[in-house]
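Features reported for this protein in TrEMBL:
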type    : residues : note
DOMAIN  : 4-118    : domain 'Response regulatory'
DOMAIN  : 203-255  : domain 'PAC'
DOMAIN  : 249-311  : domain 'PAS'
DOMAIN  : 408-541  : domain 'GGDEF'
DOMAIN  : 550-803  : domain 'EAL'
MOD_RES : ASP54    : 4-aspartylphosphate
Amino acid sequence: MNGRIMIVEDERIVALDLRQTLESFGHEVVMVASSGERAVAEGPVLKPDLVLMDIHLDGPMDGTQAASILQQHNIPVLFLTAFAGQSMLDQAELSSPYGYLVKPVETRALQATVRMALARRRAEREIEKGEERLRLAMDVAGLGVWEWDAAAASFVGEGQFESIIGHTPTSLDNADSGFLSRIDPAYRPAIADALTRGEAVRTTVKLQTLPDSGRNGWVDFHARAFARPNGDLDRAIGVIRDVTAQREQEEHLRQAAVVFTSTGEGMAILDTQWRIISVNPAFVTLTGFGEQEVLGRTPDELLYARRHDDNLIAKLGQSGGDYWSGEVACICKDGSMLATWQHLCVVRDTQGQIGNYVLAISDTGALRRAEAQINHLAFHDTLTGLGNRNMLEDTIEKEIERADQNGSRVAVLFIDLDGFKLINDTMGHATGDQLLSMVAQRISRVLRRTDTAIRLGGDEFLVVVPEVTRFEDCASLAEKLLCEIRAAVELDHERFSVSASIGIAVYPDNAGDFSSLIQAADSAMYGAKERGRNRFAFYSSDMAERALERLHIEQGLLRAIANDQLMLQYQPVVRLDDGQLIGFEALIRWDEPTHGRIGPDRFIPVAEECGLIDYIGSWVLHTACTQAQAWIHQGFVDLRLAVNVSARQMNAGDFDVTVSDALALTGFPAAQLELEITESTLQAVDHSRQLLGRLKALGVRISIDDFGTGFSSLSRLKHLPIDRIKIDRSFVQDLPGDGNDAAITEAIIAMAGSLGLGLIAEGVETPAQQQFLLARGCTEAQGFLFSRPLDVADVDALIVSTARGRLS
Ligand SMILES: Nc1nc2c(ncn2[C@@H]2O[C@@H]3COP(=O)(O)O[C@H]4[C@@H](O)[C@H](n5cnc6c(=O)[nH]c(N)nc65)O[C@@H]4COP(=O)(O)O[C@H]3[C@H]2O)c(=O)[nH]1
C-alpha cells in the first residue's frame, strides 16, 4: 500500500535521492523539510502517513525533538541517521519511533521498512478510529467509563465520567478522593460486596453531595471487578450514566400519582375522543359511578344534565385556549344533583399535539352552603334569628319603593323593652339573652308573613309593616305585641314580666326616607316611655321637637361646663319634730343665658346618656364639699351634706377614688357626707355591693333615694351597707288622704325601724304631712314646708339668722 510521506533531511542530495526512491515505489512525498522547525510547523497541517526523519539536522531542533512534537499529533516517525550513539538512541526512543534506518539506506531495506511502518500506521489508525467512535458513542449516550487498576493503583475515568462525578478519583475505595466516597453511604456496602465477590453490579445509586459545588444526583452504575488467580483484586471496570433528570421525573410522576389517588378532587383522564381512560377514587366517591362503569364513556354522557351549555367540548372551544374552568351542576349515579367547580385542561405532547384531556371536579356544595350561611349571618341577628340592621335597610328601601309605586304606606314599629337593663345586670347576660330570644319569638308569632321583624341590637326591635291602609291596624298590632311581650316568662326558675314601649312611624306621613322613618319611630318610642312605659305611641311632631331639644341640651351642656353656667342650690334638711336644721341636699341647676334656669330633670338624663355625667358628678362633689366646709368654718360644725349620685357615675369603676379625692382636696369630713343613690341605680350597678363597701370604708354614709319606686327586695337591702332610706316624694304628696300611700309610707317606716336604718321623708309641703310622718316615727324631712332649695347667699343668711334654729 502506498502512503503520503514527508522527508526531513538537511542534506539536499540525500533528500532528493530519498524522494526519487520513495516515488519510484509509488508513494507520494508531500514535503521535503530541511529543518526540525519546518517539519513541526507543516506536519500537523499536511498530516502525512509517515515522516522520514534525519536525527542530525541543521538548526536548534534536532530530529528527536521534532519527532516528539509530531508524535503528539499522532504523526508516526521513522528515523534515518548515519550514526547514533547510545545517548542519541535513548533520546530517539522517547518519541516511540516506527523504526530506525542507518544511512546510507539500502533501497530494499527502505522499501520494506516504509511498507511495514505504513501497515502499522494503518492498523493504529483503525484502532484510533475505533476509540474515537467509542468516545463519541459515550458522549452521545452520556456515559462515563472508569477503570481501577489495582496493581498500578491507577484510576482512569473517560467519556462523561468527570462531568458526572465532578472530579476524577485517585482510587476505588472509600477514602476521601476514592470513587466509592462519591456514592451515598446507603448504597456503598452493596456495591463493595458485589465487587468483592466478582459479581456484576447493575444498579442506580445516589451520589453524595459535593461540599464545594453542592452537586449531587443519581447515576446508573454498572461495574465488575476481576481478581488475580490468587484471589487479590486485579482491576475493576465500569460504566456510569447520569440519570438525575429521569429520576426527578419519576419522582414527580410518583408524587403526581399520589395526588391523583389521594386528592379530594374527582379527576378523569380522557383520550382525544373525550372518552374516559382513567378516574381517581375521589371521582368514584363524588359521582357514585364505579371505575369500570365510566371507562370508555364521555363525561357528557354520564354526568351532565344533557343541557347544551354543559357540553365540555363546547366549553373548551369557547375558552379559546387549552384551559377552561367553571361551575357545572352534575348528576350523580343515584340521580342526585351535585354542585361542582370543574377544571378542564388539554395535555399536549412535545410536538404540541393533543394527547389527553384532564377533567378535575370539586364539590362546591359545602361552599354553597357556607355562602348561604354567610349571607344569612350578614342579614340576620345571631342571637334571635330575626333580621338585622342590614336587612332593615334593605327591606325598608324596597317597601318604600313599592309604596311609592302603588301609593301605599309603610309602618315601622320601634319596640324597646322596659327595664331590660335591670334584668340583664341583675340576672346575668345569659338570662338576658334568653329573654331577648323569647321576646323575638313572641314578636314573630304576632306578625303576618309580609311583615319583617328586626333586632337592632340590645333590647331594641323593629317591625316593618308594608301596605298599611289604616292607622288603627298599626295600633292593634302594637297592642298585640305589647300583650304578647308582657306575658309572664320563667327564666332560671324565676317568673318575670317585661313590658315594652313601642313607637310607630309611618311612611310617607311621618318621614320621607329610611333614616328619618327610623328616627321618627325612635322618637315615638321615647314618647311612649315618657308617658309611663308599657304602651305605644304614634309619632308626632312635638316628639321630634323633644328629640331636638335633647340634642340642644347635649350641645349646650358642653358650653355650660366651659362657661361656668352650672351651679348648686342647697335644700335644708330638718328635724321633723322641732324644725331644727340638720344639713342640706345639694341640687344642681343650669343657668342658661337665653332660656334661664334649667332643672336637673331636663339635663341630668342627657348628661348620663352622653357621658358628661362623670365630669358633672365630680364637679358637684367638689363644689358641694368646698361650700359645706366653708359653712362648717362659719360654725355649723355638724352639718350633714347630701349629694346625688347617678348610676353611670357609680359604674365608672373608680367612683370611690373620686369621692376620696373630693374629701381630701376640700377637707370635708367623710362622716358628714351622705351619698344619695337611687334604688334603681343600686340594682343597675353590677358591683354595687363591693363599691358601697369601699365607700363605707372611706367613712361616708349611703342613703337610698326615691325609696319605694324601684324593685328592691328587702333581703337584698339587708345585706347592703346602707345608712338611711328616703321616702319618695310621690308617696308623701297625697298624705295623709290617700290610703294606699299612707299604707306604703307606714310600711317603709316600719321596715327602716326593723332594719335599723335612718329615715327621711322628701317633698313635705304641708303640716298635715309633717304630722302624719312624725306620728309614724319618721324624724327627718325636707320639703317646701321648711324651705325650697336655696342659693349659697341665702344659706349663708339662714345659717346666721337661725344660728342652727328651727325652720318651720
Ligand atoms: N314638689 C316638691 N318638690 C320638692 C320639694 N322639696 C324638694 N323638692 C324637689 O325634689 C327634688 C329632690 O331631689 P331628688 O329626689 O334627689 O331628685 C333630684 C335628683 O335625682 C336629680 N339631681 C339633682 N341634683 C343632682 C346632682 O347634682 N346629681 C345628680 N346625679 N342628680 C341630681 O334631679 C332630681 C330633681 O331635682 P330638683 O329638680 O332639684 O328637685 C329636687 C327638689 O327641688 C317639695 O316639697 N315639693
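A Cβ is built for glycine as well, from the same backbone N, Cα and C atoms used for every other residue.
Fair warning: this is a prediction, and the values are worked out from it, not measured in the lab.
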Kindly report the helix/strand/coil residue split of the domain 'GGDEF' (408-541) according to DSSP, in that order. 60 helix, 41 strand, 33 coil
What are the sequence-distant neighbours of the residue listed as '4-aspartylphosphate', meaning same chain, six or more residues apart, C-beta distance under 8 angstroms? VAL8, GLU9, ASP10, GLU11, VAL14, GLY63, PHE79, LEU80, THR81
Restricted to the domain 'PAC' (203-255), the mean pLDDT of the model is 87
Tally of residues which DSSP labels helix, strand or coil - the domain 'PAC' (203-255): 12 helix, 26 strand, 15 coil
